[in-house]
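Note sheet for the following structure.
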Amino acid sequence: SGALPGVANARSRLQESRERLSVCSKLCYAVGGAPYQITGCVLGFFLQIYLLDVAQLDAFYASIILFVGRAWDAITDPMVGFFISKSSWTCFGRLMPWIIFSTPFAVISYILIWFVPDISRGQVMWYLVFYCVFQTLVTCFHVPYSALTMFISREQSERDSATAYRMTVEVLGTVLGTAIQGQIVGKVDTPCIKSPLFIGMTNSSVALEELNMTHDTGSLTDTRNAYMIAAGVIGGLYILCALILWAGVREKRESSELQSDEPVSFFQGLKLVMNHGAYIKLIAGFLFTSLGFMLLEGNFALFCTYTLGFRNEFHNILLAIMLSATLTIPFWQWFLTRFGKKTAVYVGISSAIPFLIMVVVLDSNLIVTYIVAVAAGISVAAAFLLPWSMLPDVVDDFKLQHPSSRGHEAIFFSFYVFFTKFTSGVSLGISTLSLDFAGYQTRGCSQPSEVNFTLKMLVSAAPVVLILLGLLLFKLYPIDEEKRRKNKKALQDLR
């Protein structure tokens with residue numbers, strides 16, 4: 001009988017070693033997070049300037065494409081989540097078929113977003129349709145990928161470790177996307193059209209204009225080709241990452257059977273979550289701060305090109321932002337464990353404000369712009385990391401208040417994503433629309449002073465106001481370090 005506990009211990013050790021993930025498995029899992037981040041980052045930084053200056057769409061139509069595409073992207077998250085929860089188990093697992101089958105179609109639609117069709121009418125519909133189709137297909141990849149965390153191991157520590165790998169690769173993905181797109185497109189000089197005012201001053205204005213137009217068509221073809229090459233490279237990376245994920249990660253059915261408690265219906269769960277005060281305050285705070293950073297992201301390329309006059313430098317400035325963000329994520333991870341998450345929010349996110357004001361107040365200066373880019377990157381890292389580290393605290397708080405209600409994690413995460421995507425669509429739509437009202441000149445070498453003023457508002461004044469509003473809302477957020485420790489202890493006692 002004395003041998004029985006030994007046998008039990010050996011069995012549990014064997015079970016643990018089975019659940020342990022190899023470094024290779026964790027890396028393969030982490031690589032799956034890259035496609036979503038790479039494509040999302042490229043679309044965020046480059047789509048607006050591409051639609052306006054390369055596809056030469058009217059700013060009003062560009063604003064419709066950007067708004068509808070982002071709003072549709074927000075709606076697809078809960079929809080795809082609902083369909084996945086209803087899908088049955090296959091020999092590849094329940095989630096993996098979604099990832100594999102959506103990949104080729106996602107890549108094709110992504111490449112077609114960066115293609116300028118030779119049709120005088122219907123260009124707007126072309127971009128709108130392929131942008132929405134791509135957003136749907138990338139959601140069919142990313143939602144099951146996010147849920148995969150729960151099915152790679154039963155060990156909480158192994159899942160946390162895999163998530164840390166994933167976060168690192170996702171941040172590297174944003175740098176990779178910015179670098180590939182920026183360096184390929186930045187190698188080509190996008191031609192601009194001189195203001196008609198200057199052309200009119202010469203006697204041979206017609207000849208000059210003709211000369212300009214033939215030179216422009218030639219160079220614009222080079223720019224369009226550069227965008228297509230970049231899209232092809234990123235499409236190839238997307239497929240490679242999906243194959244690595246499929247080859248290196250096994251979905252474990254027994255892990256899913258852990259979740260077999262009787263779930264509450266979706267709408268009941270949604271009602272409970274939306275009535276949870278801490279969640280609403282956290283979402284409201286991050287909604288305003290992330291909206292500020294999204295305005296900066298969406299308009300930064302235009303601001304660098306026209307207001308600052310660094311037409312051939314903006315891709316390097318973008319790269320400086322993303323590299324700075326990547327390198328400072330470990331610092332913020334250390335800071336929030338040392339000083340607490342609420343302090344990290346105030347220090348991290350507010351640190352961007354003086355630099356955002358500086359870039360607009362000081363005269364156009366390349367060195368100052370790079371300093372601002374690095375400083376903005378430090379803040380972007382905090383804004384990227386903190387929501388994902390604070391959401392689990394809110395979920396724990398919710399579990400303590402509703403101990404009998406389970407299985408709401410997906411609602412917490414998917415609706416946070418839904419709100420941020422929807423507001424980013426609104427912000428991009430409004431900003432492109434305000435450029436239209438200001439009299440934006442498609443492919444102009446320079447812009448009217450009203451456009452430059454609008455761009456200053458969009459990358460400085462508006463983000464600063466939104467960040468300050470968000471930080472004020474964080475004053476209401478109830479979970480500080482003391483409350484977090486109490487919750488952790490109460491949850492351990494409950495278990």
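The backbone N, Cα and C atoms fix where each Cβ goes, and this holds for glycine too.
Per TrEMBL, the feature transmembrane segment maps to 34-52 (among others). Proximity of distant same-chain residues to the transmembrane segment (34-52), defined by a Cβ-Cβ separation under 8 Å and at least 6 residues beyond the stretch ends, is recorded for 59, 62, 65-66, 106, 110, 113-114, 127, 131, 134, 138, 141-142, 145, 169-174, 176-178, 180-182, 185, 227, 230, 234, 237-238, 241-242, 294, 297-302, 305, 318, 322, 428, 432, 435, 440, 442-443.
Look at TrEMBL and you will find 95-117 (among others) tagged as transmembrane segment. Cβ atoms under 8 Å from those of the transmembrane segment (95-117) belong to residues 32, 35, 39, 43, 47, 50, 54-55, 84, 87, 123, 126-127, 130-131, 133-134, 137-138, 140-141, 143-145, 147-148, 151, 224, 227-228, 230-232, 234-235, 238-239, 242, 245-246, 249, 251 of the same chain, restricted to positions at least 6 beyond its ends.
Here TrEMBL flags 124-145 (among others) as transmembrane segment.
Annotation comment: TrEMBL describes 226-249 (among others) as transmembrane segment. The list of residues near the transmembrane segment (226-249) in space but at least 6 beyond its ends in sequence, with Cβ under 8 angstroms from a Cβ of it, reads 24-25, 27-29, 31-32, 34-35, 38-39, 42, 50, 54, 96, 99-100, 103-104, 106-108, 110-111, 113-115, 141, 145, 148, 152, 176-177, 180-181, 184-185, 187-188.
Residues or ranges marked as transmembrane segment by TrEMBL: 278-296 (among others).
As annotated by TrEMBL, transmembrane segment applies to 316-336 (among others).
Distant neighbours of the transmembrane segment (343-361): 285, 289, 293, 296, 308, 332, 335-336, 368-369, 371-372, 375-376, 378-383, 386, 390, 456, 459-461, 463-464, 467-468, 470-471, 474; these residues of the same chain sit at least 6 beyond its ends, with a Cβ under 8 Å from one of its Cβ atoms. Marked as transmembrane segment by TrEMBL: 343-361 (among others).
The annotation transmembrane segment is assigned in TrEMBL to 367-389 (among others).
Among the features that TrEMBL reports, transmembrane segment is placed at 410-433 (among others).
Look at TrEMBL and you will find 453-477 (among others) tagged as transmembrane segment.
The listed stretches are 278-296, 367-389, 410-433, 453-477; of these, 367-389 has the most Cβ pairs under 8 Å to the transmembrane segment (316-336). When each of 367-389, 410-433, 453-477 is scored by its Cβ pairs under 8 Å to the transmembrane segment (278-296), the top-ranked stretch turns out to be 453-477.
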